[in-house]
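S.K.: Starting off with a structure, shown below.
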Amino acid sequence: MGAKLLCLFLASVLLAYYVYTPIPEDSEEPWKLMLITASFRAIGHLAEVADRLGLMHYMEVLMLITAADYVAPMSDENVTVIDTEFSNIAVRLYLPQKASDGLRRAVIYFHGGGWCLGQAGMKSYDHLTRWTSNRLNAVVVSVSYRLAPKYRFPVQFEDVYSVTKFFLQSSILSQYEVDPERVCVAGDSAGGNLAAAVAQQLLEDTEVETKLKAQALIYPALQTLDLNLPSYQENKNKLILPKSLMVKFWSEYFTSDSSLREAMASNRHVPVESSHLFQFVNWSNLLPEELKKDHVYSSPTYGSSELAQKYPGFLDRRAAPLLVSDAQLHQLPLTYILTCEHDVLRDDGVMYARRLQAAGVPVTHDHIKDAFHGAIMFVSGPAELAVGHRLLNRYIEWLNENL
């Protein structure tokens, strides 16, 4: 009996140790958030074991989890939902059934998932885009772009750009009764990265006559140069997206070569010949004082030129939109950027907002001090969180007022 009690006690201690995660004091539902974080950590550990044993690639294990979250396209009394293809790329279309006084607005949405995970048919994204269509009485195009590790950069960018360019054709806009002056690209996390890159590329594409009205970027990943920003340091081991996972996502976007991941993890992956790019991500100039805190800026430690030659994508502005010059930024459309305090990517979004404002672009920067990366996904089911609804409503309200 004593041995059983001891085993039970030890098992309880181990479980408590595994489940416990330091949660920000300002969190609304700390215990629920702790359990969600523990679940994500357990899945990550499972993926790590499978990868080390050679059973399955790390990202493929995670993809199994996201695949389990898939929901078939289901129309309701408010929105007609259709799975189809635009320019040979899978998309999920949301067409509002409510009558409209004129042409409708449209949102082209790119899901998150570190360029490796996710799809338009995930329950959380289906909820987000369906809600967007219904609330705005807008056509929504949600894109299922191809993913790493099977497909590397720039495939993900090329997929979303092809869909956007296809949809912006006057004949397609007319077919779906969309106002060509009220189209927005949007996305969260890696999807925010893709939306920013698409908006930039459209400025240079003389074949596209329709101009975007807006871009909406939800906690976007925007640069690969400095992976030791204050936000990376402060949130290194926090919640849904620790630094180690973000580094893994970044490196897998370009290659499975562990040398790039290791160099990124130590922040020594940028060659000296690319040193001029650091001006675009110098947080000592771009972050407000309240986010600099006690952090001290130090000059970059340069890495091997060989890595940049083998994998030039991580220095490509289509992968890192913050690397675009100020002269190019000023042409961008009306912009919404949502950042979260408890997020390694916080400073990417803050720096982009500051640079866009300096370039004369109308920007709404919505910084949520009690939120974390991925929060907008938790708006339905057992993992539903109040903070997720709050972020979703802020995003929808901005679109409703500005698109």
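Just so it is clear, glycine is given a Cβ too, placed from its N, Cα and C backbone atoms.
Marked as active site by TrEMBL: Ser189, Asp343, His373. If you look up TrEMBL, you'll see 107-266, 315-376 marked as domain 'Alpha/beta hydrolase fold-3'. The signal peptide annotation in TrEMBL covers 1-16.
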S.K.: Under 8 Å Cβ-Cβ from Ser189 (active site), six or more apart in the same chain: what's there?
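M.R.: Same-chain residues close to Ser189 (active site) (Cβ under 8 Å, separated by 6 or more) are Gly112, Gly113, Gly114, Ile218, Tyr219, Pro220, Ala221, Leu241, Leu345, His373, Gly374.
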S.K.: Just counting, how many other CB atoms are there within 10 A of the CB of His373 (active site)?
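M.R.: Result for His373 (active site): 28 other Cβ atoms within 10 Å.
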S.K.: Within the chain of Asp343 (active site), which residues six or more apart in sequence place their C-beta under 8 angstroms from its C-beta?
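M.R.: Listed in sequence order, they are Tyr219, Ser231, Asn235, Leu241, Ala371, Phe372, His373.
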S.K.: Express the predicted model's confidence over the domain 'Alpha/beta hydrolase fold-3' (315-376) as a mean pLDDT, rounded to an integer.
M.R.: 97
